[in-house]
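Colleague: First, the structure itself, so that you have it in front of you.
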Amino acid sequence: MQKKLVAPSLLASDFANLQRDIEMVNQSEADWFHLDVMDGVFVPNISFGMPVIQAMAKHAKKLLDVHLMIVDPDRYIKTFAEVGANNLSVHYEACTHLHRTLQAIKMEGMKAGVALNPHTSVKLLEDTIADIDLVVLMSVNPGFGGQAFIENTYNKVKDLKNLIEQKNSGALIEIDGGVNAGNAKKLVEAGADILVAGSFVFKSENPTETIKKLKEEIA
Ligand SMILES: O=C(CO)[C@H](O)[C@H](O)COP(=O)(O)O
Ligand SMILES: [Fe+2]
């Protein structure tokens, strides 16, 4: 069985102490870094872009899982590979030619991910799931950290797990938004492989310990 992973989202870190927070994740039991790129068009917020990711990559000793919340992501696939992204997830809702975009991501040597907004059905991935390495199920409306988890996500995880099995796909299931110690176990039991956690980790008193607790919760 696939090992269950925790990916802290640096969106909730202290940007004035980014290197310190990256080192904390390096030393912790976390598995990946989750990096949220927002353009102020696809989502009503702007986060950070390539120069910041390039700087993060110099210090990060774990895989960089980049979540693009941007329109027309095809324009930047090559650049994200150059600055150090290992996984690149685009939003289903932002792609006109999703299959082509997935191939382009893989051509650049990255794993290809597709993120779905809470209102987007997993059924829409029926014809692309075999080409997808990672599905990011948004459990909040994208754009901001610190929002409440949407309960319907459990149903979506189960539906997606069935689709993956039915189509013999190797896609992993990642959950993004409002993850905490209260929903982590139930998400993994429903079929999730990777849990992104931003606020729950970085706004806690002891982030290293919080990551450890989340890992124990899903072991
Ligand atoms: O993609 C995102 C927001 O669009 C973030 O990854 C997500 O919100 C994680 O933050 P938190 O755990 O605080 O909800
Ligand atoms: Fe994200």
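Each position is counted from 1, following the chain as shown.
Positions of Cβ are set from backbone N, Cα and C atoms, glycine also.
Those TrEMBL annotations? Automatic predictions, nothing curated.
Checked TrEMBL, it gives:
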- Ser9, His67, Gly143, Phe144, Gly145, Gly146, Asp176, Gly177, Gly178, Gly198, Ser199: substrate binding site (BINDING)
- His34, Asp36, His67, Asp176: divalent metal cation binding site (BINDING)
- Asp36: active site, proton acceptor (ACT_SITE)
- Asp176: active site, proton donor (ACT_SITE)
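Distances, neighbours, how buried they are, the whole picture for these features please.
Modeller: Within its own chain, Ser9 (substrate binding site) has His34, Leu35, Asp36, Gly145, Asp176, Val196, Ala197, Gly198, Val201 as residues 6 or more apart in sequence whose C-beta sits under 8 angstroms from its own.
DSSP assigns Asp36 (divalent metal cation binding site) to a strand.
Look at Asp176 (substrate binding site): DSSP puts it in a strand.
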Colleague: According to DSSP, which kind of secondary structure is Gly145 (substrate binding site) found in, if we only use helix, strand and coil?
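Modeller: Once the DSSP labels are grouped into three classes, Gly145 (substrate binding site) ends up as coil.
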Colleague: Based on a Cβ-to-ligand 2 distance below 6 Å, what subset of the binding-site residues Asp36, His67, Gly143, Gly145, Asp176 would you report?
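Modeller: The binding-site residues passing the 6 Å Cβ test are Asp36, His67, Asp176.
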Colleague: Inside 10 Å of the Cβ of Asp36 (divalent metal cation binding site), count up the other Cβ atoms and send me the figure.
Modeller: 24
Colleague: Residues near the divalent metal cation site, His34, Asp36, His67, Asp176 excluded, by Cβ within 8 Å of the Cβ center?
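Modeller: So the additional residues around the site are Ala7, Ser9, Leu11, Leu35, Asp65, Val66, Ser89, Ala115, Val136, Val196, Gly198.
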Colleague: In whole Å, how far is His67 (divalent metal cation binding site) from Ser199 (substrate binding site) when you measure between their Cα atoms?
Modeller: 16
Colleague: Which site among Gly143, Gly178 has the most other CB atoms no more than 10 Å from its CB, taking these as binding-site residues?
Modeller: Gly178
